[in-house]
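As recorded in TrEMBL:
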| type | residues | note |
| --- | --- | --- |
| DOMAIN | 12-365 | domain 'tRNA-guanine(15) transglycosylase-like' |
| ACT_SITE | 91 | active site, proton acceptor |
| BINDING | 91, 92, 93, 94, 95, 145, 187 | substrate binding site |
| REGION | 245-251 | region 'RNA binding' |
| ACT_SITE | 264 | active site, nucleophile |
| REGION | 269-273 | region 'RNA binding' |
| BINDING | 302, 304, 307, 333 | Zn(2+) binding site |
Ligand SMILES: CCOC(=O)Nc1nc2cc3nc(NC)[nH]c3cc2c(=O)[nH]1
Ligand SMILES: [Zn+2]
């Protein structure tokens with residue numbers, strides 16, 4: 001059973017503590033680095049630990065296609081396979097099937113799709129998604145849902161949401177792994193009444209945590225925030241709240257302010273590989289020629305491995321030379337930035353000073369008192 005306690009509140013923001021059934025503690029609000037193919041790209045598990053990561057994401061869709069869930073189970077499960085002994089949340093693959101797979105057909109029974117790797121045909125039912133996550137042995141499994149694109153008509157959103165609820169029922173009844181919690185995913189696109197109807201139906205079924213799906217799928221920022229503003233307070237107080245696929249540093253701050261506990265996003269790791277680096281005053285693109293002779297670190301005062309040792313000039317050189325070390329050093333910095341941001345947010349919520357911390361956060365980003 002997944003334990004969760006809110007230990008402090010500051011407005012709608014919550015400071016909480018998750019303890020997985022295996023006994024791993026996750027301080028919330030938390031950012032979960034994405035480890036799509038059983039690795040957070042370019043980093044070792046020891047480096048992830050030293051960055052302070054407590055929980056990472058694994059992608060069911062990818063691991064099902066390669067190397068296969070049965071193979072990972074035969075080798076002792078995902079934690080042992082990738083030597084990561086803290087917490088793992090696996091997504092159900094719903095989003096990947098909708099965003100990655102070639103040709104797909106959604107039926108009541110499940111989703112038919114072709115692998116983006118070799119074009120082979122597959123059919124995933126909600127029960128299959130839960131079986132895959134059981135074999136992987138993650139600490140938190142996600143229901144198989146239908147991620148609704150943006151924009152859609154209200155009828156489409158309602159039809160899709162009702163299917164997600166029927167699938168959630170089937171997921172709840174599926175056999176799950178020992179010590180594995182299951183989260184439901186709230187759908188309903190941008191329609192507040194559909195979102196609330198979905199949440200009520202999911203609470204009827206009963207889950208250990210509740211995720212907000214189909215956001216950060218191309219909708220305007222203010223639309224995402226208004227959906228959250230209305231929905232977040234309705235999510236069960238005493239259960240973890242997870243906003244999927246979000247987001248930029250500003251999104252994390254606003255998500256916490258609206259009562260979200262858990263976040264995942266490929267941004268820090270993907271941007272690192274594209275040379276886009278996060279700093280307190282905004283992003284910098286390391287390949288920019290203005291850094292050619294810059295002996296400063298990415299960000300003065302950043303305590304990450306990269307900033308303690310290397311100059312912007314060196315990082316630009318590595319990036320232009322497509323040296324593998326570029327991806328590692330950029331990723332170490334960006335993940336450090338995200339994980340440190342969440343640690344600062346946790347301290348501010350705990351101290352009851354989140355609003356003043358938030359004001360400083362924005363001042364620094366608008367080139368204020370840096
Ligand atoms: C992480 C759990 O994912 C699932 O099992 N289904 C799911 N995943 C999503 C991932 C998303 N990423 C973004 N933006 C980058 N939006 C997302 C929505 C979903 C979703 O509705 N449903
Ligand atoms: Zn740094």
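Backbone N, Cα and C define each Cβ position, glycine as well.
Annotated features, which come from TrEMBL, shown on the structure.
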| residue | record | Cβ neighbours (10 Å) |
| --- | --- | --- |
| 91 | active site, proton acceptor | 30 |
| 92 | substrate binding site | 28 |
| 94 | substrate binding site | 26 |
| 145 | substrate binding site | 31 |
| 187 | substrate binding site | 28 |
| 264 | active site, nucleophile | 23 |
| 302 | Zn(2+) binding site | 19 |
| 304 | Zn(2+) binding site | 21 |
| 307 | Zn(2+) binding site | 24 |
| 333 | Zn(2+) binding site | 27 |
Suppose we draw a 10 Å sphere around the Cβ of residue 95 (substrate binding site). How many other Cβ atoms does it contain, all chains included? 22
Out of 91, 302, 304, 333, which of these recorded positions is nearest residue 145 (substrate binding site) by C-alpha distance? 91
Using residue 333 (Zn(2+) binding site) as the reference point, find which of the recorded positions 91, 92, 93, 94, 95 has the shortest Cα-to-Cα distance to it. 91
Residues from the same chain, set at least six apart from the ends of the region 'RNA binding' (245-251), whose C-beta lies under 8 A from its own: 95, 215-217, 221, 224, 263-265, 267, 278, 337-338, 341, 361-362, 365
Please work out the number of neighbouring Cβ atoms within 10 Å of the Cβ of residue 93 (substrate binding site), leaving out its own Cβ. 27
Could you measure between residue 94 (substrate binding site) and residue 307 (Zn(2+) binding site) for me? Cα positions, answer in whole angstrom. 37
Calculate the distance in Å between the alpha carbons (Cα) of residue 307 (Zn(2+) binding site) and residue 187 (substrate binding site), and round it to a whole number. 41
Going by Cα-Cα distance, pick out whichever of the recorded positions 91, 93, 95, 187 is nearest to the residue listed as 'active site, nucleophile'. 91
Cα-Cα, whole number of Å: residue 304 (Zn(2+) binding site) versus residue 95 (substrate binding site)? 32
Check the DSSP secondary structure of residue 145 (substrate binding site), expressed as helix, strand or coil. coil
Here's one to test understanding: among the recorded positions 91, 92, 93, 187, whose C-alpha is closest in space to the C-alpha of residue 302 (Zn(2+) binding site)? 91
